[in-house]
Amino acid sequence: MKKEHIFWTSICLLLGLVPAPVSSAAEEDEEFTNITDIKPPLQKPTHSFCAMKVDDGPCRAYIKRFFFNILTHQCEEFIYGGCEGNENRFESLEECKEKCARDYPKMTTKLTFQKGKPDFCFLEEDPGICRGYITRYFYNNQSKQCERFKYGGCLGNLNNFESLEECKNTCENPTSDFQVDDHRTQLNTVNNTLINQPTKAPRRWAFHGPSWCLPPADRGLCQANEIRFFYNAIIGKCRPFKYSGCGGNENNFTSKKACITACKKGFIPKSIKGGLIKTKRKKKKQPVKITYVETFVKKT
């Protein structure tokens, strides 16, 4: 009887020791899981003000400014009230990038126009943050048709077309390759608008650069007449336009050099079944009408 009691006592002691390794293993697994869930710290910016939150101030002006977003590592547009605020506020996109964004890897949008719809055709309708009332067209992915909407005049996204035909050609019935006609751009002296005159020579463009280089020039909503530059994605060149002083979009540069640096290197032109002859541009003294021409010829 005594031996039997000792035997069962030993069994109980052994069974009592079994859960200990199991719980230890669970703790080790739990500790390992916690370690893998830890996110690396954000990179510290060169200037402390680059990490400040956007501050439009207490006043009620409507001034376009730029700030550095520490979460996305990109310079973004905001509307400044005109007084107070903080140092994370820049007059131009280039100044913001120079002060805050140069220490971070460039985050670019890689777009390749191939067979099928471009990615931006699947974006939802976006009127932007401004208060304009401009008729535009977007591709509705639910109805599979291009539809009309009212655009505010600034920001928004690339699913935004000036004509129904342009929307249909791009998103409803895309061609095998996204082709853009070579254009002759003229400055209209009456209302300072850009008129594109297509020629017969098509070109293909492969874009590997920032998405803000793609929208057309946007004068904005105010009454000023500041000379700015925008990247014309149709002809692959930086062109001047008159900016009103507020609103507009990000395709807006204070100098031609800044425009070329940001956008021009992103486009790679390829001629179709022919050689490309680059014609020299002659500078004219008359600021009234500026014409730029590129000619295509077939190889013999």
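From the backbone N, Cα and C atoms, a Cβ is placed for every residue, glycine too.
Swiss-Prot lists 1-24 with the feature signal peptide.
Look at Swiss-Prot and you will find Cys50-Cys100 (among others) tagged as disulfide bond, backed by sequence analysis. A 10 Å cutoff on Cβ-Cβ distances gives Cys100 (disulfide bond) a total of 25 other Cβ atoms nearby, all chains included.
Annotation source Swiss-Prot lists domain 'BPTI/Kunitz inhibitor 1' at 50-100, citing sequence analysis.
What Swiss-Prot lists as disulfide bond is Cys59-Cys83 (among others), and the listing cites sequence analysis. Listed in sequence order, Gly57, Pro58, Cys59, Ala61 are the same-chain residues six or more apart from Cys83 (disulfide bond) with CB atoms under 8 A from its CB.
What Swiss-Prot lists as disulfide bond is Cys75-Cys96 (among others), and the listing cites sequence analysis. Under the three-state DSSP scheme, Cys96 (disulfide bond) falls in the helix class.
Swiss-Prot lists Cys121-Cys171 (among others) with the feature disulfide bond, giving sequence analysis as the kind of evidence. Cys121 (disulfide bond): 19 other CB atoms within 10 A of its CB, across all protein chains. Under the three-state DSSP scheme, Cys121 (disulfide bond) falls in the helix class.
Residues or ranges marked as domain 'BPTI/Kunitz inhibitor 2' in Swiss-Prot: 121-171.
The disulfide bond feature in Swiss-Prot is assigned to Cys130-Cys154 (among others); the stated evidence is sequence analysis. Counting only same-chain residues at least 6 apart in sequence, those with a Cβ under 8 Å from the Cβ of Cys130 (disulfide bond) are Gly152, Gly153, Cys154, Leu155, Leu221, Gly247.
Positions annotated as N-linked glycosylation site by Swiss-Prot, on the basis of sequence analysis: Asn141 (among others). There are 14 other Cβ atoms within 10 Å of the Cβ belonging to Asn141 (N-linked glycosylation site).
Residues or ranges marked as disulfide bond in Swiss-Prot: Cys146-Cys167 (among others). Within 10 Å of the C-beta of Cys146 (disulfide bond) we count 22 further C-beta atoms, all protein chains included.
The annotation N-linked glycosylation site is assigned in Swiss-Prot to Asn191 (among others).
Its own atom aside, the Cβ of Cys213 (disulfide bond) has 22 Cβ atoms within 10 angstroms in the protein chains shown. Marked as disulfide bond by Swiss-Prot: Cys213-Cys263 (among others).
Taken from Swiss-Prot, the feature domain 'BPTI/Kunitz inhibitor 3' applies to 213-263. Averaged across the domain 'BPTI/Kunitz inhibitor 3' (213-263), the predicted model reaches a pLDDT of 86.
Sequence annotations record features per position, and here Swiss-Prot assigns disulfide bond to Cys222-Cys246 (among others) based on sequence analysis. The 10 Å shell around the Cβ of Cys222 (disulfide bond) contains 16 further Cβ atoms across the protein chains shown.
The Cβ neighbour count for Cys238 (disulfide bond), using a 10 Å radius over every protein chain in view, is 22. According to DSSP, Cys238 (disulfide bond) is assigned to a strand segment. The disulfide bond annotation in Swiss-Prot covers Cys238-Cys259 (among others).
Residues or ranges marked as N-linked glycosylation site in Swiss-Prot (evidence: sequence analysis): Asn252 (among others). DSSP assigns Asn252 (N-linked glycosylation site) to coil in the three-state reduction, placing it in neither a helix nor a strand.
Sequence-distant neighbours of Cys50 (disulfide bond) (same chain, 6+ apart, CB under 8 A from its CB) are Phe68, Ile70, Asn88, Lys99, Cys100. Among the recorded positions Cys75, Cys121, Cys167, Cys171, Asn252, Cys259, the ones whose Cα sits within 10 Å of the Cα of Cys213 (disulfide bond) are Asn252, Cys259. For Cys246 (disulfide bond) paired with Asn252 (N-linked glycosylation site), the C-alpha to C-alpha distance reads 11 Å. The DSSP secondary structure for Cys75 (disulfide bond) is strand.
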